Amino acid sequence: MRIEKGIGIKNVLKIMCPGTQLREGLENILRAKTGGLLVIGDDEEVMKLVDGGFYINSEYTPSYAYELAKMDGAIVITGDLKKIVCANAQLIPDSSIPTYETGTRHRTAHRVAKQTNNIVIAISQRRNIITMYKGDIKYVLRESSVILGKANQALQTLEKYVAVLERVINNLNLLEFQDLTTLFDVVTAIQRTEMVMRIVEEINMYILELGNEGRLISMQLNELVKHIERDGILLIRDYCKDGLQYNEVYEHIQKLNSSELLELDAVARTLGRGGIPLMDTLISPKGYRMLSKVPRIPSNVIDNLIKEFEELSNIIDADINDLDNVEGIGEARATAIKDGLKRIKEQVSLKKEI
């Protein structure tokens, strides 16, 4: 599984992406060019900063938010976004809290967000920009057309990266069946998989920002990546040094910065195989990835096979009786494994010829 990054901003974007009631209200205020200041949450920490205004305690609707924003003061909405607590309120945060904003509305929003750790939204009257603050986080909401353009560009980049990854994996598949895999081939495949997954993360952020307008992008993304992450994890499991936990290795790879990821030696070190020549070191897979492609073979049976034979080449060379002796494998399953691996080998050879 991927390490969750930017959980705070993701949770905020979910409640204010296109298609939500809150976003509709913000867009109405933006189009009216009245400007606005909204605080999400009516806890004690927020309410003690509120001065004046009038209490409404009415159901939240986008049209109510738009009408109330015509007044200069702030609008306070409950944390569940169901009620407008008060409107035309003056917010008086601690003036000693540092802020780099210039406009009065944005300075107030920034300070309130820092002091209460609540979501505060400032809508600029002149610049037509919606800015969200939460704690130290500042995020400017962009128009859907801008995000769509960036998402489509990222998808085109992803297509090219996936095509390169497929070529690398096809080459690796052939070498695995010939038992001629080098550390260079393995590390290149893992590096390329991680590059693809990082672009996927970026596109997922765009999808989150687009809300209900991101469905087509999401469908295209799912079609492109399919089982890439799963195969990448199995690749790590096949080649990481004995004694290392494959999920921890995967986490270390995710933590590599962009320049480290470009260094194949750095990727090799995460597998516990640093300091050895990449091109000249032959390395045999355990077989998790290839065996996972054989239909109807449970994971515990794959574990038993690898525990017994240790390497994929030994499993390929084993006859049906040898496979039958492994716990959880009868004659029928042994035949299925043998035939399945043979079929995969033929498919791999055909792809190479093409």
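Backbone N, Cα and C define each Cβ position, glycine as well.
The shown structure was predicted, so the numbers you read here are calculated from the model rather than taken from an experiment.
For reference, Swiss-Prot has these:
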- Gly73, Leu91, Thr104, Arg105, His106, Arg107, Thr108: ATP binding site (BINDING)
- 6-144: domain 'DAC' (DOMAIN)
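Overlay of Swiss-Prot annotations on the structure.
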{"residue": "Gly73", "record": "ATP binding site", "contacts (Cβ under 8 Å, 6+ apart)": "Leu37, Gly52, Gly53, Ala87, Asn88, Ala89, Gln90"}
{"residue": "Leu91", "record": "ATP binding site", "contacts (Cβ under 8 Å, 6+ apart)": "Leu37, Val39, Leu49, Val50, Asp51, Ala74, Thr108, Val112"}
{"residue": "Thr104", "record": "ATP binding site", "contacts (Cβ under 8 Å, 6+ apart)": "none"}
{"residue": "Arg105", "record": "ATP binding site", "contacts (Cβ under 8 Å, 6+ apart)": "Gly35, Leu37, Ala122, Ser124, Gln125"}
{"residue": "His106", "record": "ATP binding site", "contacts (Cβ under 8 Å, 6+ apart)": "Ala122, Ser124, Thr131"}
{"residue": "Arg107", "record": "ATP binding site", "contacts (Cβ under 8 Å, 6+ apart)": "Thr99, Glu101"}
Please give the greatest C-alpha separation between any two of the ATP-binding residues Gly73, Leu91, Thr104, Arg105, His106, Arg107, Thr108, in angstrom, as a whole number. 14
Whose Cβ lies within 8 Å of the mean position of the Cβ atoms of Gly73, Leu91, Thr104, Arg105, His106, Arg107, Thr108, the ATP site, other than those residues? Leu37, Ala74, Gly103, Ala109, Ala122
Determine the Cβ neighbour count for Thr108 (ATP binding site): the number of other Cβ atoms within 10 Å of its Cβ. 23
Just to be sure I understand, if DSSP states are collapsed into helix, strand and coil, how many residues of the domain 'DAC' (6-144) fall in each? 47 helix, 41 strand, 51 coil
Given the model, what does the mean pLDDT over the domain 'DAC' (6-144) come out as? 93
